[in-house]
């Protein structure tokens, strides 16, 4: 037996690669991933060890001894110890949690620092992960109450439908089953995306009925070693990102096609950035290896240098498969790698109940009326089901598979065409099955009314109104899409923007490219709630219209200094102002007056500065602080005033404090809000050098 990859050894042992990796870790065998090699000797040792473990597991276990009274009592005590507490979102404070779990604050602070290395202070507002660590330390379960919507109008009907599946995924994990992966092929123009899709389709799809296929539905399914893979056959990262922007992720895996004779090109980088933003696994297919000038090693080097993708054989974690879509060389291995990645990522679905699907194409057909091509995500879609989708509803009149053959049911990851919608549904949105056509109609009508009312107020992030969103996060993040006239300009922009990074704010460049601002850039910005900055480039008309429609902020500049200045101003506006205390005056209590129904009033001689009715005061007695708080009333003679300046006398009533004495010293101060400026990387390094 020659050396094997981990996933090949897993097959021999009838295990999943993930299970084998866990077993190897427990055995102390150091392997990086499922693509790592294991030599023959090591493979035999692993097989022997795991087979021995299996034999032991199958042996009947010895009968357990009956528990003694002490053991039973101990178990009862342990069970009693386990508590469950419910917290509201506004109760994530150390003092509240300490009270709820019955552990003193100081004890929690000490335990968390010593045992978990987490520094806390009394009354601190906690992050959710800090709360979880505290409760884990004391073996207490937690449940966070969800904040209720304040009005029916705020509830998105489709969000409620989507939530139904999220709850199923959380509460019924044991019912989830693996489903075939859905794959999107991306890459630079002329690198062979369509040729690859045609090759897979022609060699893997079952023979057609006589007359051939008359209509493509936008996706097809193939079978590989008894397992299915669904391919979306409308390649292009614009479609892929538009789905994400509409909250309808269909793709599980991206195959990035790069030509071996051309290397990494601008659209390759753009496609990669779209896939990366979606956080889906990427497999690289180096195509055209049959060409005389093909250079696979050089292409791999460009993957590292331009995309940061390190092939597994070079010690990285990116699967790279050399192929020829024209001859078919390497295509079978690519399909096997897709199945392997699907298995490693545990792509699952909820197979029962009402179906959920995503629309990949839709149109008005002259003969069939409104039609939609969908990929089923969960459940079973059936003829006769009532459905809703974005702007319309209907009843499934007919279903056609990817060969345009009529079927009665469609299963997860299966591509099908639906007939029966009242209108053409929005492409790239989700489809949900509901209990009846009447209910479907009601949902869509309510949603359309609410969307119309919100139309004017709905918009994406722009440089002026980031404040609200940013205050919700400790680390503030601004996503940027950069377009410039040359790669030199792109490099200069990146360099200038990186100097604006700070501890308080992170500038995340999602994509940077050369050329005019396109619809693809706008859809990416909409998907990541980002801002587009263009340098010496124009915005094409389609992109301009789409940006207005999606509410995406697009800015263009001809001077780099102006771009940087605008960005600086926006970043400064994202920081909350700092509160600074300013002492404004001092005084002394010369006389104490007792007034019925009012209490004690201090007769004060101002020594310097002034006293402000809207400010604060500290009272010192023999050098010790006895009170700090607000001024309830301030009088000059009998007149209510806002300010009294030295050397005048005045009468002061302190809010909630009457224990005053002659000779008490007063210090008056105000709290001012001072505009904060971020400490940019360049300024920080200058300060460190000084």
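Glycine is no exception: its Cβ is also placed from the backbone N, Cα and C atoms.
As recorded in Swiss-Prot, the features of this protein are as follows:
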- 187-194, 233-237, 287-290: GTP binding site (BINDING)
- 178-346: domain 'tr-type G' (DOMAIN)
- 187-194: region 'G1' (REGION)
- 212-216: region 'G2' (REGION)
- 233-236: region 'G3' (REGION)
- 287-290: region 'G4' (REGION)
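Non-local neighbours of the region 'G4' (287-290) in the same chain are 187, 191-192, 195-196, 257-262, 296, 322-327, 329-330; each lies 6+ residues outside the stretch with a CB under 8 Å from one of its CB atoms. Listed binding-site residues: 187, 190, 193, 289; maximum Cβ neighbour count within 10 Å falls on 187. Under DSSP, residue 187 (GTP binding site) is assigned to a strand (E or B) in the three-state scheme. Secondary structure counts, DSSP: the region 'G4' (287-290) has 0 helix, 1 strand, 3 coil. Mean pLDDT across the region 'G1' (187-194) comes to 87 in this model.
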